Amino acid sequence: MPPRKKETVMSEFERKRLENIAYNNAILSGISTTADKIIPKPAPPKPKRASTPRVKREPVKKEAARPTRQSSRLAGLEADSAVLKRKLDVEAEEEAAKAKAKRMRVSGDLNLGDITVEGRKWESSADGLALLKGLGVRGAQPGVRTFTEKDVKHTKDKGLKDLRLRMSGLKLYEKWAVNDIKIVPQRIYSMCFHPTEEKPIIFAGDKEGAMGVFDASQPTPKIEDDDEDAEYPDPIISAFKTHSRTISSFHFSPTDANAIYSASYDSSIRKLDLDKGISTEIFAPSSSSEDLPISAIDIPTTDPNMIIFSTLHGSLGRQDQRTKPSSAEIWGLTDHKIGGFSLHPRHPYLVATASLDRTLKIWDLRKITGKGDLRHPALLGEHESRLSVSHASWSSSGHIATSSYDDRIKIYSFPSAGEWKAGHDIPAKEMQPTVEIPHNNQTGRWVTILKPQWQRNPQDGWQKFAIGNMNRFVDVYAEDGEQLAQLGGDGITAVPAVAHFHPTKDWVAGGTASGKLCLWM
């Protein structure tokens, strides 16, 4: 039997030490409890469970000031749910309908008082038009000239030198700065002068169907010299939304100076009566859904009731104004777009077309053959360029000027065109250009295509045309290819791509991509 251990007697010191330890632990425990009350410990993560749809309270419906994008996630729609797909389909249909409605042409007569363009620049639209009533008749290098005073000075031919001096002497309009003459809201695609010689009145058409009118003869407002805070008022400019898409071309009636015709990519041709202030539809397809963008119009001087037009679908049409607007005879000439065309001013049965198929073609409206879709005017001759041809413009002397993307202005000469019989076959040799002028025609996406426009009835007898220059000028050339002037000036900050001559006076207008007007007189 093992011996019994002797019980250990706890000393006073050891007992006191254990009491102190117990007391200290009690204090620490109390502090921890107090801290938990002030800053609770993070709750332990709850076990995950299957998600259940939240019960959403019905929100108070508020009338939105304008359409806003809404989150499908916040709306409680799952990414692949049928409800979300339907919602997206409806939104897409609404946007497509809005876009289509914006581009849809407006049929019937339009009162200019109802279609004025809104904005500070055009607040006096009706007042501006009232001034017209009663009138009877490759990479660009901005600022770098390609025709200078030296070219004029070194001209040996006296007649040419005098003409160059006169044309180069045209001055940029000074009553208002170019930046203040915003004739239309968007990029200018077309321009023309009113035929009156009393004062320069310019019409411009923009990318979205607005037509602007500016009377350059209007007086400048008087500002007191001692009034330092006075603001210089803007010029009076009228602007009207006559079309729903780009206005591609203007033409005045040969017999009525109060009638101006406009053509548009919205597939319509309209006639504006300046005295009555009414815009009437002259041509439009029978179906409002048919798309037939019109690229240019011209009116025969021998028959002002007829309107000839070209389309971006490669067709040429003839509309008699005395018949209903959808009764035009239309001929398919090419599978490519026709960017521009013109009639011979003295022999308007001769048509010159410029096309994306790289050709200049001459047609004869006196001889139309074929049946159905194969019916078309007689093709007299054609010339093919290296790249697409943008425009073909007849002069009254029988010259055709074209611009093309091979960076050339070509001039063709047909002085005996009036002697051609119907269906005359032009020899290939005669279809060659007599002059080729190097010219940067690379406009890119944001500048309107450069197109030559002849002066219709020059008072001085010199045949000349104007065309925009990518270096922010307007070039003027004679029928033999000699450059006569390069018009510029201070304050021109964009390319005056759309250039146009007054029919008789030496007035030249240029329109920019920002809707600004440059005018030389």
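Note that Cβ sites are derived from N, Cα and C of the backbone, with glycine treated the same way.
Per Swiss-Prot, region 'Disordered' is recorded for 36-75.
Annotation comment: Swiss-Prot describes 55-66 as compositional bias 'Basic and acidic residues'.
Same-chain residues lying 6 or more positions outside the repeat 'WD 1' (183-224) and placing a CB less than 8 Å from one of its CB atoms are 117, 119, 121-122, 128-129, 131-132, 135-137, 173, 175-176, 230, 232-233, 235-252, 257, 260, 262, 264, 266, 272, 446, 448, 497-505, 507, 509-517, 519, 521. Among the features that Swiss-Prot reports, repeat 'WD 1' is placed at 183-224, with the record citing sequence analysis.
For the repeat 'WD 2' (242-282), the list of distant contacts is 102-113, 115, 126, 129, 132-137, 189-192, 194-196, 203, 205-211, 290-299, 301, 304, 307, 309, 312, 319, 321, 325: same-chain residues at least six beyond its ends, Cβ to Cβ under 8 Å. Positions annotated as repeat 'WD 2' by Swiss-Prot, on the basis of sequence analysis: 242-282.
Sorting the repeat 'WD 3' (333-373) by DSSP state (H, G, I as helix; E, B as strand; all else coil) yields 2 helix, 23 strand, 16 coil. Annotation source Swiss-Prot lists repeat 'WD 3' at 333-373.
For the repeat 'WD 4' (382-422), the list of distant contacts is 138, 296, 339-347, 350, 352-362, 364, 366-367, 430-442, 449-454, 456-457, 463, 465, 467, 477, 479-481: same-chain residues at least six beyond its ends, Cβ to Cβ under 8 Å. Feature annotation from Swiss-Prot assigns repeat 'WD 4' to 382-422; the stated evidence is sequence analysis.
The repeat 'WD 5' annotation in Swiss-Prot covers 490-521 and rests on sequence analysis. Residues 140, 166-167, 170-173, 177-179, 181-193, 195, 197, 200, 202, 204, 206, 212, 214, 216, 443, 446-451, 453-460, 464-476 of the same chain lie 6 or more positions beyond the ends of the repeat 'WD 5' (490-521) yet place their CB under 8 Å from a CB of it.
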Per DSSP, what is the residue count of the repeat 'WD 4' (382-422) in each of helix, strand and coil?
3 helix, 21 strand, 17 coil
Can you tell me how the residues of the repeat 'WD 2' (242-282) break down into helix, strand and coil by DSSP?
0 helix, 22 strand, 19 coil
